[in-house]
Amino acid sequence: MTEFLLSPFTDFAFMRRALAGCLALALGATPVGVFLLLRRMSLMGDAMSHAILPGAALGYLAFGLSLGAMTIGGIVAGIVVVLAAGLVTRASVLKEDASLAAFYLLSLAAGVMIVSLRGRNLDLLHVLFGSVLALDDGSLLLIASIASVTLFCLAILFRPLVMECFDPAFLRGISRWSPVAHYGFLMLVVLNLVSGFHALGTLMAVGIMILPAAAARLWARGLPALLLLAVLFAFGSGVAGLLLSFHADVPAGPAIVLVCGLVYFVSLLAAPGGLLAGRLPVRRHLES
Amino acid sequence: MHPAPPPFIRIENLTLGYDRHPAVHHLSGDIPAGALVAVIGPNGAGKSTLLKGLAGELRPIGGRIVMPGLPPGALAYLPQRGEIDHSFPVSVFDVVAMGLWREVGAFGGLSRTQRQRVRDALAAVGMSGFEARPIGSLSGGQLQRARFARLMLQDAPLILLDEPFAAIDSRTVDDLVQLILGWHREGRTVLTVVHDLEQVRRHFPTCLLLSREPVAFGPTAQVLTPDMLARARRLSEAFDDDAPECHIELPPTAVSPTDEHAHHHNHASHRH
């Protein structure tokens, strides 16, 4: 059993790198996913992953498979989209979902246009689906740095961000932190999607953000417990997914996301906030 | 006699509205420090709009509001429909503690005294024992009590309440009115939108009757007359999409409460 669980990591350097990458993603991307979920913007991660694609593709087409160019391209494209969408949300009658949809679709269309100009779709599969088993030093460092920056920024933004999610009108009334929390958070989303696309690809980076958060939400009632549980779920799924990928010889990214999905389904069945809770026999009620 | 204290809020020929249509039309007046004002009027009279304007959430489309003595952020505003997300996993204690923002800011921790003040505020609104409950589990009245507790901790010299008693049972209303009277005794300036005129007669010394146009502003007994109320009803005319532009230019001097009536007549004779 130990052999089965540990030897892939003790014997192979690429598995250790992948493990470190998963830990960093769980620590950085998953807390961001929890706040996305609480803001009812779960699908925004998906939208944003499309929005960063043209930037990454542009970097890729201009400089080849260069980590720096693709990362910077992705971050720039993502930040342009969230800033534009944030501005429209705050200053017009459109809500956050509508303004984001408009800008990410434009960004996606621009991306497809760029790709078709150079027409090397096959290589782009790497961008779309990532490769957690092929993380080089540069990628790993990038993912770890983004996770550190994310934790640091979340610590600074925590109170304003909670208030911005819970009662934005109140925060606007008493302080100037509201835009800082809003834009700061959107930028963290972009950073973590970029970090995720190195490991899992743009499309599946959202999986490790949202699925553990959704599973944890079914169990936890308080925010600290929710964050902690989501991170544990994400890292646990990462480890299990890597082992599954190693032993069953399947791609690692989808394996990790599918294990996240398994945790989610189990939570749906077993958790107090899940499907069955309302159908169990009623327990004796309390006195008050 | 002391000279009269300078006005705490000076409203100068203020017009507030949406899409150029006025919801509060050419309102002027001084509100002295420590006043307890009931803002009344029919639905659509611009009461909430006035409070939004005072809270700085709505830019005037004419005239201005001056609050010389009020430091920034020292205003507590309770909107009618808050944007509270009831499913958010935070406890009643955390929500009420948000009222301490001006003291603790984004990073400060709560001291032992501050924690005690949060519990005291909850006790003052009759919500002891609810500290750990998730905010989503509260009833409408309990939530309103919790919002009042948060407001208390904001310790603001100016408090704006937009229909704080809507859909609240009479016992809770009585408790909340006592809190408001307490704030008045502490010398805070309070403006409250109220619909129950009995309530106003009993507790509020000053009254501002709006019906898009200012109808009357002054001691409650002089405002709540059948005459004035009938005028307010007549004035609440329909929203006219093709209303012509308004070209009334009043001198931007504040009208004292007693002149308000005259101002209205003056204004009405100018009207299109």
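Just so you know, glycine gets a Cβ as well, placed from its N, Cα and C.
Features reported for this protein in TrEMBL:
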{"type": "TRANSMEM", "residues": "A:18-38", "note": "transmembrane segment"}
{"type": "TRANSMEM", "residues": "A:58-88", "note": "transmembrane segment"}
{"type": "TRANSMEM", "residues": "A:100-119", "note": "transmembrane segment"}
{"type": "TRANSMEM", "residues": "A:140-162", "note": "transmembrane segment"}
{"type": "TRANSMEM", "residues": "A:182-211", "note": "transmembrane segment"}
{"type": "TRANSMEM", "residues": "A:223-246", "note": "transmembrane segment"}
{"type": "TRANSMEM", "residues": "A:252-277", "note": "transmembrane segment"}
### Task
Would you kindly list the residues that approach the transmembrane segment (A:140-162) from elsewhere in its chain, counting only those six or more residues past its ends and only Cβ-Cβ distances under 8 Å?
17, 20-21, 24-25, 27-29, 31-32, 35, 67, 71, 171, 175, 177-178, 180-181, 184-185, 188, 191-192, 194-195, 198-199, 223
### Task
Would you mind listing the long-range same-chain contacts of the transmembrane segment (A:18-38), meaning Cβ under 8 Å and 6+ residues beyond its ends?
9, 44-45, 132-133, 135, 139-140, 143-144, 146-151, 154, 161, 165, 185, 188-189, 192-193, 195-196, 198-200, 205, 208-210, 212-214, 216-217, 226-227, 230-235, 238-239, 241-242, 252, 256
### Message
Could you check whether the transmembrane segment (A:182-211) packs against the transmembrane segment (A:100-119) - three or more CB pairs closer than 8 Å, residues at least 6 apart in sequence?
### Response
no
### Message
Tell me whether the transmembrane segment (A:100-119) sits in contact with the transmembrane segment (A:252-277), defined here as at least 3 Cβ pairs under 8 Å among residues 6 or more apart in sequence.
### Response
no
